[in-house]
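See below for the structure under consideration.
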């Protein structure tokens, strides 16, 4: 798995530290740009009263007690998943042990129970299978074919599972070498807005380029190498495992990993994709990659991959890298000039740079301060938290390592990552807490006619409706008099759990005399187990005006702060309130764009008899911009309803009351002035010229340190973790034998680990083929299920931890789309290009061998030219099914962005429905692919 948005960081032997900051003061000189970031001791003391019981650089959130330490984000789901894996491994090993130790004397028990007789027969008697009716499997590249017995099924299932664990551990070592290679640095000289010249140390590798090249090879190395080894090992004939595994992994990545990431965010919390251009490019590329497979396998030279097709497939890989790079370094927007927009230029101007050379601006500081959890922190705690959240995103290597630690019972995150995780977890709780119970009138103004005799008013409850609550109401005189124009009404209105609407009724007295309009009020007070909302007073007007009325906005333009969370538009009904009328409404983009500045919405307003106002509320997305000034529109359309010959109409008050088919209102959204002041204060205190990314220790710096880490016991000490540790120990010792990443700039680690992964992948290919053969499964079915899940499981843990820790969804979602693209363009493109060139260069002497191999295939004809044959068959159908479910999967993510404002998290019901739907799509893909096999 890859993340085009992740940032490669240097890997060395320095200890992992929490973000450190320096408070600027007149008496304290600014350190040089080359010096390490210093943190005053008061920052550590702010989190720990004693100042000694806590390691320097560790910051506790205000909500944590002094004797409380942040816990690793190993949620119950990760623990449960690890326990299930342990249980399955123990079950398989237990059965294997029983079979191997003296072969269990089933014969003594056969006469006692026919079930045991059947079991003994299944375990020991070879049975004919799909491979030509043979009772034995075909030989693999390294392992000879076993007899098709139940005993061998268990043996190869256990060995395959254990080897998956090994390749995941060695792949983490491989990623550490890649991280060291991509951490090459250089110095950059810039001129800050103040005119001061500074030098910064920045990474040579662009994060997106690193992620789509070396990181891609590291995170998807088993799938890619399986495809390469299968073709080369078979004499450049196409195999079934490699391509099918890549398609199966793509389905697992998009559906299952997305579902896991969506549910990883705490209830109420949200994570949205920050770098949308990269997501759109890799997302479209991940679909076009599989469309391209259909084109070359089914339509153009069916079942044969020509040289130009193989070359074109591989060339799409560097094209994807370049286009993604351009999207990453420049979003296509024109620069902001101070003369045109001085406030915008100030907000976007760099006040410092991070380790990857990305600018840190006041906008970035403002976005962090917008987090509710950080708003609650005090003084130096807040400074440390801001510094931590401004760190550039960690690389996929970091989260792969953290995911394996979590799976093996180790603390997953370093102190800096733990602080980010705690902030994001508490931020989700703060967001969820905003759903408190509020009671108010459904409308603050209502009109009725004397002839009605009674007016009915609606009280609505917003937010938490799980508990009972109540509120008192009472009528008050206005120009209308109690006892003359209306009958006094007062009382207690109760809401049972789950009830959100209640009504009250007031009797109206009529007379025959003509008189002007009169009004009275109904007031809400004395709330119990709830709070009063904004509309606590409802004005009731008694009038003699008949007809359906006219609809228009109470105000054509409204001003709103983005911290208000929503923009409210009032639609009023004037010059008549007779009958029921309605209209449709929808939001329209202005300079504020759907999904970035606000959540798109639409609906229908229904004005019952006497109701003269309705509210439209649109959820705002708090961008946290230092200077924000944008707008969007709400449009009213399709007015319906009439009384007699009179039909309701729209009135646009700004155009001389001219009738229109639709009318607009505009919301102008501005930044919060208090936050602007806080940003200025924070920028003054933090020394951003020295902002550096803490170096996560992805691997030890010497052979001795690697061996010590390999034998280190799990942190939690549970039985399950200990069992997994024992199973992983041999592989951890193998990983410890790889040269440390510090050697030769990471290249020694890279090459040795790559060779080990290649060897393990060759073994996995044989084990998977033999296991599927013994179970009666074809290589195709084995690849899209067991092999695809086994190679992708480490990325599942990595994406889950990234979703919990990162403030954005890029590290969890964008890596999926990038990985699925690169697996086709590089994982299939490279070996297919080589195989196509190989067959095109051969002479006539290989013609007979090729024709003997494929003469029985339905697509073969005597006049066909020899070439690199990739029989479409089940693979093509599987790709088509994947494309269908992938479109629905992307539609789910995009729909969540438009409706909820975020791809991950959200309200509990919404996130679990999304996850269940994605898992169901994966199930549909597997079921349809298996059902079609062999047809």
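Glycine residues also receive a Cβ, built from the backbone N, Cα and C atoms like all the rest.
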Item to complete: Among 212-230, 307-325, 326-344, indicate the range for which TrEMBL gives the feature transmembrane segment.
Response: 307-325
Worksheet item: Looking at the transmembrane segment (278-301) and the transmembrane segment (744-765), are there 3+ C-beta pairs under 8 A, with each pair at least 6 apart in sequence?
Response: no
Discussion item. I'm a bit unsure how to read this: which one of 154-178, 822-841, 877-900 has the highest number of Cβ pairs shorter than 8 Å with the transmembrane segment (246-266)?
Written reply: 877-900
Fill in: Mean per-residue pLDDT computed across the domain 'Calx-beta' (538-637)
83
Worksheet item: Can at least 3 Cβ pairs under 8 A be found between the transmembrane segment (307-325) and the transmembrane segment (877-900), with each pair 6 or more apart in sequence?
Response: no
Worksheet entry | Surrounding residues of the transmembrane segment (822-841) on its own chain - C-beta under 8 Å, 6+ positions past either end | 2, 212, 216-217, 220, 223-224, 227-228, 231-232, 236, 238, 242-243, 246, 249-250, 289-290, 292-293, 305-307, 309-311, 313-317, 320, 850, 866-868, 870
Worksheet, complete the sentence: Given the transmembrane segment (877-900), its same-chain partners at Cβ distance under 8 Å and 6+ residues beyond its ends are 244, 247-248, 250-251, 254-255, 258, 262, 270, 272-273, 283, 286-287, 290-291, 293-294, 297, 594-595, 599-600, 780, 784, 813, 906-907, 910, 914, 917-918, 921-922, 924-925, 928-929, 932
